[in-house]
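Sequence annotations record features per position, and here TrEMBL assigns transmembrane segment to B:6-29, B:36-56, B:62-85, B:97-120, B:140-161, B:190-214, B:226-250, B:262-283.
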């Protein structure tokens, strides 16, 4: 069936391939390609500040994608994601520093190593459910963090370790303008990978485990295998994200992979929309940009009449923090299903415009 | 084997564990009623401690009066929070509600810093004798007070859930919201009550920690610290929460003993409870006292 | 022809305009709302006030500084984003006033690459080696800080402790224990401290870990007491040190605690109450509030920038902030006269004087010397003792005035600038 330029008014899909296609219309395909093209040109006209924010969204987005596969698609809660993110960062630094591996290979390899760790910590998933499992992942968080501080040979101990800049054949991607392309390539690759994975047999098995695991089991899906697998997958993406983070900052320290980052990862996928691939990226962007946006807001208020009238001065920073919390609360009160859901509604509105409702 | 030190550590573990138990209990209350994991529990401690500190230092209230006023405030606060923020979310995905509590925790953390400053503040001296000696261990009086209050509270909860109308309503709601509603129980009121009680119970722990360590924003970390205790006891068991707290308190101290006397690996007291937790969960997947889900198709 | 002339002149005007109204952009990372805000607030206030004061006095050689103070909540990603903002656009900052351990280390590679002098609030010895020649740390040529490194401060206190032990005439070898969280900041001076302690004839006990947050640390105190520790280094920041001191007081230990620069101050002493009595700790300035040094008059003037009434009590970190800011402005001033405000020139500005004290800060800022191969600005360790007598509820200013809380100078240790001590 040829790709149409618009969605037809009814459901005319007659094959599974048509049903699971990534781009239902030609327009959506072009839109994505155009978006990518614009992003490819971004380093030419964007300031470093914006590039660094985009890079941040990129590496957090890759890691959050892993968490969404675990939480959104398989229905297991994890509050230890930051530890896997950190493990990937250390692993990649270690591989390139100690084994002399080019960073180009160290990054995906770090993903693989982290997968192995994820599988180990995913083992309790065979027996535990819901919040009990969540706390087992919390244990993973603390145990790995302790390991980071202890394992001098691997992480440089509490002093941390330096990471080489990313390079291909001697060409170093050590500026924001260059590193942006590395992150972009990984974001595209991982998101395409995840999208396709979810369309495969294994992906459907994960969703079945989430929706009704008893039925899934009866249909011959090996629960233990898929639950553990989803932990491995989530760790894989976390590891890649962490490795990208390490080679961006070129320094990895045990600080910064704490429980608070784990909670932030959860925030990204909940706000983005559980079980939505693109939502993950939107949620990540939301969580990264909110503090910045509130920063711009306080900058605008600083020194203005409002500031003087209320003599806010230094208290502005508290107001900014409060606003971050408040935005999260209000957002979820009005849109509990996340940005992906809102996005679909916006699309639906314009599809029918001006005749919606 | 240094039995004297071991004994002291065991006593200390039980005392600190009782405090964990109190926080864990307030955690379980909310979970039991509304299935919400409250990430803002630590901020409840913080708010309780700051309010009590503020009453005591600004208005020079006697400690007991100050504490009672704090309880009253927390009661209102809990109900208000439930009505304004959480009630509109009833029926929405639980995970979104959990995220809302994360947002609340960010909000209240900053609010407390704004209102009360960023410096740790000491409570005025409250007890004539700061510490009493028990089995060779000097114990701070305030811990004994907390022990007394927690035991009293646990007894009160035991009575409340077993005999009182509201307690029974809460249990019914926890068991099955729809059935409870059809029996004429106002689920919304039950939720409000759960949040209110939880806020009050948390404030007790907050005040105790505040008296011992001074009040500072880092106090809210207790909220995350009790997670293992909650899970160990079983998410939906109030008694389990208390026992979980005691076990974690003991484990921390015993780990410190083994570490300090024999192993010298460092940091065991923070990590060992988590290892033990995983092992226990592998043997008993619903904690020590949690209800096992029986699933029928 | 005329048209081209007008066009070029207009163009020249357009180009010259920003130059004419030029200000020196300065970035200032502050933690006012995050985990370290208890010490971050006074330090950042000191930096901000000092820079505002310099501006009011005519700026750096007649040029004003455009200071952007931003609270980053002690979060590394936010610090990185801010750094990119300050260095990415047209108005690249001439220097940055930074803050914590994690962000200083995260930005270290960037500032080296971008050649931006970075004055941090982190004194880890690991960023004191500009060439990397010590082999203990990687080269950090653009990292500066005002104060003894964490390691040197501990070395100084250990020298004092050894003398104290002798003076008390107690028998046997004293026992030293390192206490702190399993984190980069408390552990930064651990190796150095334990090596120094052995050298000085201490018995070094296995380190005791306690978390970087308030909690009950009775078990740690019992362990230390049971092991017979005489001197203990507290590596953590305020809140958690307070908890430990209180727990140890309840247990009844006879341990001389030694805090670190950020681990003890007037506010922490107030919160810990009598448990803080007797704790010694390093102070980075030669005088504290209430002293008589001539520099304190200037400091009082600077303090008026944010507190016109002059009633706010200024804790030790405030003065350290002032000094850190003033060294930077004087380095900028030198650079302006010697070829412009490019990073490498400003960096050179830091190397111009030996035993350097910023103008009008005599007796407050400790004479410091930075060289191209050694960024340990100060080898002097001013050791103070916190004295607390009585209940500490009430306003800090009153408590200090009444003498309920006192900071007593104990000793100034002058460490030799040993090359083998650099970088760890």
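From the backbone N, Cα and C atoms, a Cβ is placed for every residue, glycine too.
It should be emphasised that the depicted structure is a prediction, and the values quoted were computed from it without experimental measurement.
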Interface check, the transmembrane segment (B:36-56) with the transmembrane segment (B:140-161), three or more C-beta pairs under 8 A: no
Using a Cβ distance cut-off of under 8 Å, indicate which of B:6-29, B:97-120, B:190-214, B:226-250 has the most pairs with the transmembrane segment (B:62-85). B:190-214
Okay, the transmembrane segment (B:262-283) and the transmembrane segment (B:6-29): do they have at least three CB pairs under 8 Å, pairs separated by 6 or more? no
Please identify the stretch among B:97-120, B:140-161, B:226-250, B:262-283 with the greatest number of Cβ pairs below 8 Å relative to the transmembrane segment (B:190-214). B:140-161
